[in-house]
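Peer 1: Please read through the structure below; I'll follow up with questions.
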Amino acid sequence: MPSSTASSEDAPITSTAWMNWKDVFLKCVQPMLAVVLLLRFSSIVDEAGFTTTIILVFFTFLVSLVTGWSACTVVSRKSSEVGFVKTMLAYSSTEFAISFSIIYLFCLLVATSTFLTSAAEAVLHIFSTFSLELLDGATHDLRLVSSVLSLITLALCMVRNRNARFVRTFIFALTCIAIALQLSSVMFRYGEYQLRRVSDRNAMIPSPPNEEISTIFAQLFPAAMCGLTILNIGSKLQNTAPRGALIAIAVSACFYGAAAMLDYVEFFARTSTSNSTGSAEYNEFLSYIYTTVPMAIVITLACVLSAVSTLKYAAVILQSLGRSNQCRCILWLAKGFGERDIPIRCLLLLSTVQILVSAIGSYDILCIPTTVFYLFAYALFNFYVFLVKLSDPEIPSPPTLLSLAISAACFIASLYTNRHLALFIASIFAISYCSLLYIIRRERNEDGEECPKSMYSSVLEQMHELQQEPDSRRHFHPQILLLSGSPAARPGLVDFAHSITRGKSLLICGYIIPKISNKVEQPMTWTEYLMQQSPCSRSYLLQLKIDKQINDWLRAREVNAFGAAICCTKQAEGANILLQTAGLGRLRPNILMLGYKTGWEKLSKESISEYYGMLSNAFDKQVGVIIFRNEASGFDVTSSIRKNGAPINDDEDLAEYVDSATPKLADQGSQKKDVPRGKLLNTFRKMSMAVNKDLESGGRRSTSSSTRFQVIDKHSISEPDQKIIMAQMFRFRKRIPNARIDVFWLREAGGLTMLAPYLLTQAGSFLEGAHIRVFTKTDGKDNKRINEEQKNMAAILRKFHIDSSDLHILPEFSKPPCKQTYDEFRAKIDKYKVETSSSGEPVDGSFDNNQIFNLREKTRSFLRASELIREHSSDADLIVCTLPSARPEIPSPIYLGWIDMLSRQTPPTCLVRGNQVSMSALRLKFP
């Protein structure tokens, strides 16, 4: 039931059915209501009194609620795991996970015996109503009936039931009807069954006295056995599934509180059943049968259904333990049978043990070990959550002190209920934990020195082999140097670059740490003081700190990239240094990628010259260049992630240095002029894995790239901007179904213009499976020239497995651009225009009439291309266009005006320029 293994209720392993919160609610609430509420609760109220009962109910469900809250947190963070053991292994250390799984296995085993014993008591109640006895009318009859029910439960676990969900819903509906009739006093209360309890005759252990508070608490606490149920369900959970477990606990608590209240004010009709043997009238006897026998049947069905669930849970856990490397002694139990991997051996073994446990006695006896086992398990789980919360306070688990208090209360309650049994359980956990800790440490001591050494030497040897590989065997791999600044400030830009590399080629996130100025006369922070100075030992220490944080953030976001931070006073020089020094051997970047500089027309000449210098240096080094623009929302999210205009992270000094204030290379369409610069390094760095696995249409799981989703604490972002920020952060992570990429091949400047969109259509990209359309221009007007160019382009497309029918040759390129387009272009660059001087060339960042006249043909071509892009591709999901070449004779304002016009008012646009190597010279290797 809970796992993909041994699931007679769920769909097959290959099914894409997902469990929503309603399914989880039914799995959790069924055992919490049927057993105690209908079987023992009225006697508990009579013996303990109203006040004591309310206190016990409050404590019981408080423990269950806090434990369920922690369990939902674990499932939300590790929802990709299947089953209880794998989820615990992913969340905790190996020794604790295995030891805790052993304790929880005993809990489920005893709970199964308790459920079947309760069902057997209900069956015996029916027999006693008709004065029937099988053996002795006492414990022997109970053992016989529970054994038969155990065999039925075993058969149900092995037989697949396609309508299990409907059966569960039907039995839950019957249980709710029985509870409603009981609470409304339409029927006689089945709770008066206390007069029909099974005799202690032939019992191994006599029932404890009912007047003791520990006995009453032990009879009540099995109602809270489902605090950890959600950990068994596995990865077939929708995002709202944890809600079902918490709702089940809350609903059960309301039922028990209402029952105690109604019992106290005597809303129920009380009818003695002790004298209904032969002296009562016949009509009264029939009325008694009609009111109690259906209730007993409902309890029997509910208990058997709960036993089926717990037995499956236990079998799957035992099978998982057998498959773990730490429990090789039970390897023979790991084998599964059939397509659904049913753990038949585990089921047979556990059923045998369960029958022996059920033979001990009735519910009044078995409820004590069940209570002690679950209390101890809850104490261990909440204490470990407390330790995890101390190490990482950002985890959305219960408050630290609350987890510690619940853990201590559970441990004390287990000792109070039965101290001998509690100490025995503690010894089981201690022995298993210490044994596993010893085994794991011994293995680490034996292999710990060899594994890192062998890994290092093998990787180094492979690097040498790669360096010495002959040219005839070398293939082109896109190795990207991304000038992202702080990756936490621009997660969308990093995600887009990772969609191209997908961990199969090199990706380096470069961060150039500049020297900042303190123009306002105010006290400087320590970080600002360091940045005022020239690069020195202290600034290098800060560089190492930032470099470590970048790599930690990349690892937490599951981006296969390396961080590279350097100290340099100028951005262009820093980019040039990174291009020359980043990487090792053959693993060196051959593509420079950066974001589009939004608002360049409002910046100074020095700023745009700095930006243009990075591009021209890349062209001089003959590496590919990619400029990515996301005009809709931009990349920089730090200016939006605010609380009342102040940084929300604690490390304000470092945040002001690490965030978007340096360097301004990405699109900042969402930036506001008066917003302070402090941002969110710590919030992004401490992002945790979440259950937010997007579902495609029809309930399908998204591609493997969706496993890289993360969440931010909802209180860390102002409410009005939360949706906008989340859309910016995950824009290039969510897979877009039926996507389309339009490629505008303006000229052959290297195969990168076609290679980049091809890589974006591969598995793991947000545009996986996208349709590619290619637009190109023709220089000739005759059909012969057009056909020749079409054949050349078709040959290029075949290399990328693109159908030639998706090629469109546009003769409209020869037309001049409209006046409005040209006026918009001139409005952007006129600020930087200077008068023509005979003394020499204009200063950097400006141009004169002669330069704009000499570049008139290129300007006309690019402006016309911008019009055609908006005409044909306004509804595309991504536009890839050839990037103009940045030559020294081209003024930076004119060049930035070209790329601005090519990418404005369009979907996300990727301007690409290859390394000037033709397609025929590139040795590309495709899957």
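Cβ atoms are placed via backbone N, Cα and C, with glycine included.
Not my notes, these are from Swiss-Prot:
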- 1-23: topological domain 'Cytoplasmic' (TOPO_DOM)
- 24-44: transmembrane segment (TRANSMEM)
- 45-53: topological domain 'Extracellular' (TOPO_DOM)
- 54-74: transmembrane segment (TRANSMEM)
- 75-95: topological domain 'Cytoplasmic' (TOPO_DOM)
- 96-116: transmembrane segment (TRANSMEM)
- 117-141: topological domain 'Extracellular' (TOPO_DOM)
- 142-159: transmembrane segment (TRANSMEM)
- 160-165: topological domain 'Cytoplasmic' (TOPO_DOM)
- 166-186: transmembrane segment (TRANSMEM)
- 187-212: topological domain 'Extracellular' (TOPO_DOM)
- 213-233: transmembrane segment (TRANSMEM)
- 234-244: topological domain 'Cytoplasmic' (TOPO_DOM)
- 245-265: transmembrane segment (TRANSMEM)
- 266-284: topological domain 'Extracellular' (TOPO_DOM)
- Asn275: N-linked glycosylation site (CARBOHYD)
- 285-305: transmembrane segment (TRANSMEM)
- 306-345: topological domain 'Cytoplasmic' (TOPO_DOM)
- 346-366: transmembrane segment (TRANSMEM)
- 368-388: transmembrane segment (TRANSMEM)
- 389-394: topological domain 'Cytoplasmic' (TOPO_DOM)
- 395-415: transmembrane segment (TRANSMEM)
- 416-419: topological domain 'Extracellular' (TOPO_DOM)
- 420-440: transmembrane segment (TRANSMEM)
- 441-927: topological domain 'Cytoplasmic' (TOPO_DOM)
Peer 1: Is it true that the transmembrane segment (395-415) and the transmembrane segment (54-74) have 3 or more CB pairs under 8 Å, sequence gap of 6 or more?
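Peer 2: Yes, the stretches contact each other.
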Peer 1: Limited to the topological domain 'Extracellular' (117-141), I'd like the whole-number average of pLDDT.
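Peer 2: For the topological domain 'Extracellular' (117-141), the model's average pLDDT rounds to 78.
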Peer 1: Check for me, if you would, whether the transmembrane segment (245-265) reaches the transmembrane segment (96-116) - at least 3 Cβ pairs under 8 Å, residues 6 or more apart in sequence.
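Peer 2: Touching, no - the transmembrane segment (245-265) and the transmembrane segment (96-116) miss the threshold of 3 or more Cβ pairs under 8 Å.
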Peer 1: At least three Cβ pairs under 8 Å linking the transmembrane segment (213-233) and the transmembrane segment (420-440), pairs spaced 6 or more in sequence?
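Peer 2: As far as Cβ distances go (cut-off 8 Å, pairs 6 or more apart), the transmembrane segment (213-233) and the transmembrane segment (420-440) do not touch.
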Peer 1: What does the DSSP secondary structure composition of the topological domain 'Cytoplasmic' (306-345) look like, as residue counts for helix, strand and coil?
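Peer 2: Helix, strand and coil residues of the topological domain 'Cytoplasmic' (306-345) number 26 helix, 2 strand, 12 coil.
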Peer 1: Looking at 54-74, 96-116, 420-440, which one has the highest count of Cβ pairs under 8 angstroms to the transmembrane segment (346-366)?
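Peer 2: Result: 96-116.
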Peer 1: Can you tell me how the residues of the topological domain 'Cytoplasmic' (389-394) break down into helix, strand and coil by DSSP?
Peer 2: 3 helix, 0 strand, 3 coil
Peer 1: Do at least three C-beta pairs under 8 angstroms join the transmembrane segment (54-74) to the transmembrane segment (368-388), pairs 6 or more apart in sequence?
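Peer 2: Yes, the stretches contact each other.
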Peer 1: What does DSSP give as the helix, strand and coil breakdown of the topological domain 'Extracellular' (45-53)?
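Peer 2: Residue counts in helix, strand and coil order: 8 helix, 0 strand, 1 coil.
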